[in-house]
Amino acid sequence: MPIKIPADLPACAALESENIFVMTEDRAVAQDIRPLEIVIVNLMPTKIATETQLLRLLGNSPLQVNITLLRTEAHESKNTPAQHLERFYKTFNEIRHGSFDGMIVTGAPVEHLPFEDVDYWHELLDIMNYAASHVYSTLYICWAAQAALYHFYGIPKFSLPQKISGIFNHDILLPDCRLFRGFDDTFTAPHSRNTEVRAGHILETPQLRLLAQSEQAGVTLVERVDHSQVFMTGHLEYDRGTLDAEYRRDVDRGLKPRVPEHYYPHDDPAAMPRMNWRAHAHLFYCNWLNYYVYQETPFSLTAIAQNREARAGA
């Protein structure tokens, strides 16, 4: 089944060229089923690239999904055309009185700052609190995962001596978790970050379960026991060339970055990067949509807030 997006969204043509099933709004109105309502809070500076990456994964599920793109008002984007934001994005005030089946909150390149110093921190707090009461399941990615763990559970982030960048192998700690249905015993995923959360803090928090970790990259997947929150410190959504673009950007800035690990053949940045996480990325997002959203969310969106209250009290 497809995702439903505007026909003139730049991602539409790109995804159709990759044989990803998308449906324009005009075609979708003829179908008499309730699609899932998913909101993507896009905090990345390269918003068009990020929305395309996530839509590629969401569009490969057997479910029809309505997508709402959300931006922050407190931060002015310098890397995305204003007309794109005005045409395709909403603000929190425009959606706060409704409910959603699922939410995805992306990472952001602000991890060098204390959380409270991020210019949209208070707005993000409102969004996260809203998600806790009006969204059935929320997926937090990279910095957003650290931000949510800090906000809801007081779990701190720690600076790393050097940036983690590359493709790393991960051990599945709870193979019966439905997010891992169809997974191999281990899986690879990209990481790109300067900070981490530590396993000990996760294990000390009774509302949370540590699902997967990497010997090199550390904590990777965490969930709240009622499935209402999923925290991913890596970037399964990344394209083949995303780490390459980040590496070359940092080289151009004179930062002397390390070559991303386990990424280029023979660690040669002139070679085409390997992409060995695509299958698990598609499977993870399909499992999240199906098992944590579609199979559990109420048919009526208006019942989500009541359902979330019941789950929180269970």
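Heads up, the Cβ atoms here are built off N, Cα and C, so glycines get one too.
These figures come from a predicted structure and were not determined experimentally.
Sequence-distant contacts of Cys142 (active site, acyl-thioester intermediate), defined by Cβ-Cβ distance under 8 angstroms and a gap of at least six in the same chain, are Thr106, Gly107, Ala108, Ser192, Arg193, Met232, Thr233, Gly234, His235. The annotation active site, acyl-thioester intermediate is assigned in Swiss-Prot to Cys142 on the grounds of sequence analysis.
All protein chains shown were included, and the count of other CB atoms within 10 Å of the CB of Glu237 (active site) stands at 26. The active site annotation in Swiss-Prot covers Glu237.
According to DSSP, Arg249 (substrate binding site) sits within a helical segment. There are 11 other Cβ atoms within 10 Å of the Cβ belonging to Arg249 (substrate binding site). The substrate binding site annotation in Swiss-Prot covers Lys163, Ser192, Arg249, and the record cites sequence analysis as its basis.
Glu111 (site 'Important for acyl-CoA specificity'): 20 other CB atoms within 10 A of its CB, across all protein chains. Look at Swiss-Prot and you will find Glu111 tagged as site 'Important for acyl-CoA specificity'.
The Cβ of Ser192 (substrate binding site) has 19 other Cβ atoms within 10 Å, all protein chains considered. The site 'Important for substrate specificity' feature in Swiss-Prot is assigned to Ser192; the stated evidence is sequence analysis.
The shortest Cα-Cα distance from Glu111 (site 'Important for acyl-CoA specificity') to any of the recorded positions (Lys163, Glu237, Arg249) is found for Lys163. Taking the Cα atom of each, Glu237 (active site) and Arg249 (substrate binding site) are about 19 angstrom apart. Same-chain neighbours of the substrate site beyond Lys163, Ser192, Arg249, judged by a C-beta within 8 angstroms of the site's C-beta center, are, in sequence order, Ser165, Leu243, Glu246, Tyr247, Asp250, Pro257, Pro260.
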